[in-house]
Every structure is written in structure tokens, then in C-alpha cells.
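In what follows, a single structure is set out as C-alpha cells and then discussed.
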Amino acid sequence: YLVSPAGYAALGAYMFLLILVGFPVNFLTLYVTLEHKKLRTPLNYILLNLAVADLFMVLGGFTTTMYTSMHGYFVLGRLGCNLEGFFVTLGGEIALWSLVVLAIERWIGVFKSIRNFRFTEDHAIMGLGFSWVMAATCAVPPLVGWLRYIPEGMQCSCGVDYYTRAEGFNNESFVIYMFIVHFLIPLIVIFFCYGRLLCAVKEAAAAQQESETTQRAEKEVSRMVVIMVIGYLVCWLPYASVAWWIFCNQGSEFGPIFMTLPAFFAKSPAIYNPLIYICMNKQFPHCMI
């Protein structure tokens with residue numbers, strides 16, 4: 001065993017918590033949206049996509065990790081490793097690109113009156129398709145020989161192999177591709193869209209300083225922007241930073257805990273994504289009651 005039995009018990013307990021909270025919250029999101037017609041709007045499609053992505057991670061990854069943590073190593077073999085790595089990566093990437101699409105949609109929403117643009121169901125479906133295609137460009141290559149999925153950290157879950165330079169897998173090029181396309185670009189887009197959104201709301205508030213409604217809207221949008229950006233950074237910054245450090249320092253000493261902790265952060269959105277992106281929509285709580 002790479003760590004003490006208490007470490008594996010803690011890992012299993014954390015996975016159980018993610019399943020216990022993540023499954024009902026995301027399932028409830030899907031159920032409530034499908035049951036209430038007023039929630040089935042094009043702008044809410046991407047929130048449904050986010051819930052589906054979280055369920056992928058819960059059912060395809062967290063349950064597996066909880067089971068393998070009871071044994072102290074990944075007991076499901078090469079096929080099991082590929083499947084677990086694929087579902088967790090796919091779910092995580094769908095969620096990531098859903099946040100990008102959501103940021104773009106909200107940015108467009110601010111300027112649609114200026115540009116005479118109407119956000120339709122076709123645009124929403126295009127956003128969903130884009131998030132799935134981008135997720136597939138990250139999750140599929142390790143199955144076909146560009147990089148690979150291997151047990152990582154405490155060896156109870158599988159992820160992309162960013163810490164070895166195995167011959168024949170072109171790990172270096174894939175890690176660089178992942179860091180640029182699946183971390184930096186989404187980060188830039190999210191910062192740009194929410195930054196522009198915040199500026200637009202502040203300009204509107206400045207033009208109507210005496211309007212209490214406008215000032216309240218400014219505060220709500222500002223809070224939403226801060227929470228969304230922090231949520232993205234908490235999820236992906238630790239994982240991307242550690243992966244890049246390990247990649248750039250091949251041969252350095254690092255323990256299993258060092259590689260496992262960032263994965264904890266990357267999996268936590270299955271709980272807080274619904275709370276941030278759905279509960280902040282005032283229609284959802286009313287429909288749940």
C-alpha cells in the first residue's frame with residue numbers, strides 16, 4: 001500500500017460523500033427541469049448538461065473509486081481503468097466546457113438587445129454539441145494511443161498519464177495540448193465574458209444611480225461573477241498546476257497524496273456546481289417546493 005489504511009478509508013469516505021450529495025442533487029435538477037415547462041428554456045439547456053456531466057462523474061467514477069479504495073489499489077484491470085478514466089474525464093470536461101458555454105451565453109444575453117440577437121433552441125443545442133465535442137477531444141485520445149489512462153495518486157482511480165514519458169504515447173504533446181486548450185483557453189474565455197458582463201452591469205448602474213433595482217442587480221451579478229470564477233479556479237487550478245509541475249519536473253520526488261489532492265478538487269464540482277449555477281436561478285427553488 002502507498003499510504004496508511006486510514007488514508008484509503010478517508011478516500012472512500014470522501015467518495016461516499018460525493019455520491020451521497022452529488023447524485024440526488026444532480027438527479028433532482030434533471031427531474032425538476034423536465035417536470036416544469038417554464039424551466040425548459042434554451043438558456044437552461046446548458047444547466048441540464050452540467051447536471052448530466054456531474055452524474056457521469058458520480059456513476060462512472062466515484063462509485064469505482066470508492067470500491068477500489070476498500071482494496072487499497074485499482075482492482076478492475078486495464079479495461080476498468082480505461083472506462084473509469086474515460087467517464088471521469090468526459091464528465092469533468094463536459095462540465096468545464098459547459099461553464100465556458102454558459103459564460104458565452106450570459107455575455108451574449110447582455111448585448112443581445114444591442115445586436116438584435118435572440119437566443120434560440122438551435123443556439124442552445126449548438127452549445128451542448130460544442131461542449132460534448134470538446135470533451136471528447138480530451139477523453140477519447142488516451143483510448144486510442146495518444147497518452148493513456150493509468151492509476152494515479154493512491155492508485156485507486158485512473159486518470160490521464162501526465163507524470164511519465166512512456167515511449168509511444170506522445171505524453172509531452174498531449175499534456176501541452178491539454179494545458180493550453182482545456183485550461184488556459186477556457187480560463188481566458190470565462191474571464192473575458194464575465195468581465196464584460198460585469199462592466200456592462202456597472203455601466204447600466206452608473207447611468208441609473210437612483211434606481212434601487214439597478215443597484216441590486218449590479219450586486220447580484222457581481223456576486224455571481226465572483227462565485228463562478230472562484231468555482232472554476234478551485235476546481236481546475238490545483239489540478240492543472242500540479243500536473244504541469246510534475247510534467248516539467250520529471251524524476252523529482254513526489255508522493256501519492258501530492259497527486260491525489262488535486263484530483264479531489266477536480267471532482268468536487270459534482271457537489272457545488274448545482275448549488276452555484278442552479279440554486280442561483282430563482283426559478284429552480286420555487287419549482288422544487
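Each Cβ is built from the backbone N, Cα and C atoms, and glycine gets one as well.
Topology check against Swiss-Prot: Lys38 and Glu105 fall in the same compartment relative to the membrane. Among the candidates Cys156, Cys158, Cys193, the disulfide partner that Swiss-Prot records for Cys81 is Cys158. When the recorded positions Cys81, Cys158, Asn171 are compared by Cα distance to Lys267 (N6-(retinylidene)lysine), the shortest distance belongs to Cys158.
Each residue contributes its Cα atom, and for Cys158 (disulfide bond) and Asn171 (N-linked glycosylation site) these two points are 16 Å apart. Listed in sequence order, Leu147, Asp161, Tyr162, Thr164, Arg165 are the same-chain residues six or more apart from Asn171 (N-linked glycosylation site) with CB atoms under 8 A from its CB.
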